[in-house]
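**Student:** Sharing the features that TrEMBL gives for it:
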{"type": "DOMAIN", "residues": "1-101", "note": "domain 'CSC1/OSCA1-like N-terminal transmembrane'"}
{"type": "TRANSMEM", "residues": "33-50", "note": "transmembrane segment"}
{"type": "TRANSMEM", "residues": "80-98", "note": "transmembrane segment"}
{"type": "DOMAIN", "residues": "122-284", "note": "domain 'CSC1/OSCA1-like cytosolic'"}
{"type": "DOMAIN", "residues": "295-567", "note": "domain 'CSC1/OSCA1-like 7TM region'"}
{"type": "TRANSMEM", "residues": "297-321", "note": "transmembrane segment"}
{"type": "TRANSMEM", "residues": "341-368", "note": "transmembrane segment"}
{"type": "TRANSMEM", "residues": "389-408", "note": "transmembrane segment"}
{"type": "TRANSMEM", "residues": "496-526", "note": "transmembrane segment"}
{"type": "TRANSMEM", "residues": "552-569", "note": "transmembrane segment"}
{"type": "TRANSMEM", "residues": "575-593", "note": "transmembrane segment"}
{"type": "REGION", "residues": "641-681", "note": "region 'Disordered'"}
{"type": "COMPBIAS", "residues": "642-655", "note": "compositional bias 'Acidic residues'"}
{"type": "COMPBIAS", "residues": "668-681", "note": "compositional bias 'Polar residues'"}
Amino acid sequence: MPEALRMPEPELIDHAGLDSAVYLRIYLSGLKIFGPITILAFSVMVPVNWTNGSLKHSKFSHSDIDKLSISNVPNGSHRFWTHLVMAYAFTFWTCYVLKREYEIVASMRLHFLASEHRRPDQFTVLVRNVPPDPDESVSELVEHFFMVNHPDHYLTHQVVYNANKLSNLVDEKKKLQNWLDYYQLKYTRNQSQRPTTKTGTLGLWGERMDAIDFYTSKIEKISREIAQEKENTISSSKSVMPASFVSFKTRWGAAVCAQTQQTRNPSVWLTEWAPEPRDVYWANLAIPYVSLSVRRLMVAVAFFFLTFFFMIPIALVQSLANIEGIEKALPFLRPIIEVKAIKSFIQGFLPGIALKIFLLFLPTILMLMSKFEGFISTSTLERRSATRYYLFQFINVFLGSIITGTAFQQLNNFIHQSANEIPKTIGVSIPMKATFFITYIMVDGWAGVAAEILRLKPLIMYHLKNSFLVKTEKDREEAMDPGTLGFNTGEPQIQLYFLLGLVYAVVSPILLPFILVFFGLAYVVYRHQIINVYNQEYESAAAFWPDVHGRIIVALIVSQLLLMGLLSTKEAAQSTPLLITLPVLTIWFHLFCKGRYEPAFLRYPLQEAMMKDTLERAREPNLNLKGFVQAAYIHPVFKGEDDSDSDSATDDVVEEPALVPTKRHSQRSTPLPSKHSGSLS
């Protein structure tokens, strides 16, 4: 841990990439935002809330923690001006930190793009929706179009094939080859008898025959099929998609093409920056561009239903949190529930754990949805999936927990009061949910970070795979692969803590220390994991930061609207209009940041491209660029079976002197070797 904290940021970027370094800055932003807010809230808000006796005389069920919240301030009190002033202070501080971070990350991105090694995606553009031509093939059409419209800069192109069937055959062959290796290894260890296998599914039934001969014949058969399918794919015009990777002689040429409209019809010859080769999600390139809009609409509808039908199990979980509720529903369990240890477990940990189990299967479903939508790079798939996961958490975990929890808890009050009293009841109950969220932060956040450093799940999975699935060394290597950081699940999780912190900062400040501890622990742990454990799957040069910024802004606006609703039920009518300006100011701030910093994440400045090209020409006047980009965007199945892991990002790596030792050897997908490979047992 101490070693990981000592590694300076520039070296961290060299070692693990800019994405990883900027991902850590999200935790750092949390510390910067909530550190001063916690100090201010505890020195000003807690005394203001605590020194009232409003809850003592109320008929609402409450705990001692609620006495530190806004619920303890009597209706119509002048003390609400404190909450109003604090809401302004917290908003301005959050916006200041966000602006500073956006500025730093944008300049880090531009610096990274200016100083990084030559990569094929800097010179390549993906062209989609190439219009059909009866006289020319897609390849001829692309070449002709770019020779005419980009005569000085066009270099070469690579058409996109629908090679999904071929890809499946290659995967099948890999599995068979693995079985053959296993049986050959078995035979070399014991040559007295040749291994046998049954010919049916999974070797469970069918006639018994020699395993080595059986798998050799199957591999020969599938090799012939692969050769035939390869030929069919390349020769058939039907398998050529109306899309192509077009490479240019200069970065400047690629930037001009990627960022401009090519023809007067804006729906054909669509250009965008090509993802880096290892980031391309090849299966989705075969989806016709025309069908993408329909697919996205279908996924939007499916996501809507998924989100709102998920409310049902969450309502059940919330009812579990309430002992009285269970005793009313299942009276025969009363003697068991009344045992002190069981009672505290049910109230404290059960709701948090149950919610966590429900949420376990969600990321897989959301990732499948993103793939169905047809995005062509892993980084975009993860960002899209993260957005949905955040929306889901917001509606179900945050709003769902407040609304359903409130309804169950205060059901009795709701039934016996008039309709115009209901908003007041909800207003009082929102702060009372603070105890549930404190538990959630401890179970999900603190325990989650502890589990991350223990890596218990990967350890168990590895031993299970080792016992049942590992047959060869290659299998063992794959079973030991630590995988990647998982942006699509990690980032929305952090955003939920930003949301809870900002919403409860004014309402119930007792939550803040728990969030602060989470950000501090998570920063330390994930810095260590990024340096010593995880591989890097792709490098998007921190393209996700605008999403991160946008989601914190949403959390800020939600906190302001909830405070407005809460104060209006507290008969603090004179202070509520002053709160209306806060969301307006926050939205204006967001638009300012969007206009000022976001272009750095969407477009590549021509000036930067020209500078990099000029420098490169001066350093390497005889560079064979065509040879460098030619093979980068060929579908992995055409490169031969073992080339799919090859990584053109590591071509021009220059080793630098060791600064801080790290504990792992460079993995195949990490852009640079670890500076100094330490002990790896």
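Cβ coordinates come from backbone N, Cα and C, glycine included.
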**Student:** Apart from its near flanks, which chain residues at least 6 from the ends of the transmembrane segment (575-593) lie with a Cβ under 8 angstroms of it?
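**Tutor:** For the transmembrane segment (575-593), the list is 80-81, 83-84, 87-88, 91, 95, 98-99, 102, 549-550, 553, 556-557, 560-561, 563-564, 567-568.
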**Student:** Counting only residues 6+ away from its ends, which parts of the chain sit with a Cβ under 8 Å from the transmembrane segment (552-569)?
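**Tutor:** Contacts with the transmembrane segment (552-569): 29, 70, 80, 83-84, 87, 91, 94-95, 98, 394, 423-424, 426-428, 430-431, 495, 498-499, 502-503, 505-507, 575-576, 579-580, 582-583, 586-587, 589-590.
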**Student:** Could you count the residues of the domain 'CSC1/OSCA1-like N-terminal transmembrane' (1-101) that DSSP puts in helix, in strand and in coil?
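**Tutor:** So the counts come to 80 helix, 0 strand, 21 coil.
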**Student:** Summarise the model's confidence over the domain 'CSC1/OSCA1-like 7TM region' (295-567) as a mean pLDDT value.
**Tutor:** 80
